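Participant: Next up is a structure, given as structure tokens.
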Amino acid sequence: MLLQILVPFLLAGLGTICAGMLLEVVQSWDVFQEITELFILVPAVLGMKGNLEMTLASRLSTAVNAGKMESTREKWMLIMGNLALKQLQATVLGLLASLMATVLGWMAEGQMPLHHIMLLCSASVSTTFFASLLQGIIMVGVILGSMRMGINPDNVATPMAASFGDLITLALLACFSQWFFSLIELYPYVLYLVDMLFLCLIPLWVVISSKHPASQLLLCTGWEPIITAMVISSIGGLILDKAVSDPNLAGIIVYAPVINGIGGNLVSIQASRISTNLHLNYSHKEVPEDRKGCFSPCRTFFGSGANHRCAQVLLLLVIPGQFVFLHAIHLLKGGHTLPSALFTVSFLSASLIQVFCLLCIADCMVHFLWRQGKDPDSYSIPYLTALGDLLGTVLLSLAFVLLWYVGDSGIV
């Protein structure tokens, strides 16, 4: 289990490091300087991997373990239905995320020009659509490859879904935003045409996704968790926007994708494993005896089951993993400085608290959803990754405030 988790975990960490460094570069681009609401959009758009890619990975992993992908025809119907559903959800969520960023930006600034709104909508929908399409195809390849190699997809699929998802999504958001910004004065109608094109594709995705019973069910019932998660991530984005604009918190932008991404990756593994265990061993609304009483954090980490051991492994990965990623960031930035001792302790403490809380919440949430008759594969991961974004951003901001208060620059 450790070996299967470790490689995707390190790849995911490398992906979040690259995303953080890319975000540090693009924050000085004209479009990010002019339309600061893009920073509110960043966690919501990056959170799409939790809303869409990781839930797809979790659903397909459960289908593999339950033997539902043995038939070639059933396998491809399930895959095509889920991919079409994901494109529909990506389009709708991209539009809603841009509107949420617009509302939060207007509440913070008191004004929002129409051409800024259109740029946010066009950039967000274009990014989520193409990122979802590309990552969905990669995800299907990972699942099918795991089947052939005899690897449990629960251990590798969700972190692999996030490996370079942040980097791909952020790169697309930055490029689309800058391109639309260059067109906004001379060819503003292009932005309207882009939005209309993606909206016109919605009926096609509805028709394809309704062909398979599983995706047809999610077409009607799967919106609540992903929309709620998008709102939670947007609140984290507002906090990030305020932190980036504060000169006393300089440097936070590099570390935000790392702490948020790693926390979401680790908890998604645990949620996927618990969900698969419930699907295989319990009927709907039936939970293990030890999960019928009051919740206790001790039950998450101590016991004889494989999921208890997995929780312990995931929590133990946080400190060494984040320590490696922290130094990798400084090496990639030139290697001329090292993180200070106080900054290292603050960052690792924030990461540990975040993952500990997320694992406890996952244990409670997945069993609660199952008891309510809801599929945890589709409901839990969006909530958990969004809470990871919010918790990570808040704890990281507090760590930087502490460093500023004691006068520590964060480097030596």
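Each Cβ is built from the backbone N, Cα and C atoms, and glycine gets one as well.
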Participant: Out of 252-269, 342-359, let me know the one TrEMBL marks transmembrane segment.
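Facilitator: Going through 252-269, 342-359 one by one, TrEMBL gives transmembrane segment for 252-269.
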Participant: Quick one: do the transmembrane segment (217-240) and the transmembrane segment (382-406) reach 3+ CB pairs under 8 Å, ignoring pairs fewer than 6 apart in sequence?
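Facilitator: Between the transmembrane segment (382-406) and the transmembrane segment (217-240), which are separate recorded stretches, there is contact, as judged by 3 or more close Cβ pairs.
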Participant: With contact taken as 3 or more Cβ pairs under 8 angstroms (pairs 6 or more apart in sequence), are the transmembrane segment (252-269) and the transmembrane segment (313-332) in contact?
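Facilitator: Between the transmembrane segment (252-269) and the transmembrane segment (313-332), contact is present.
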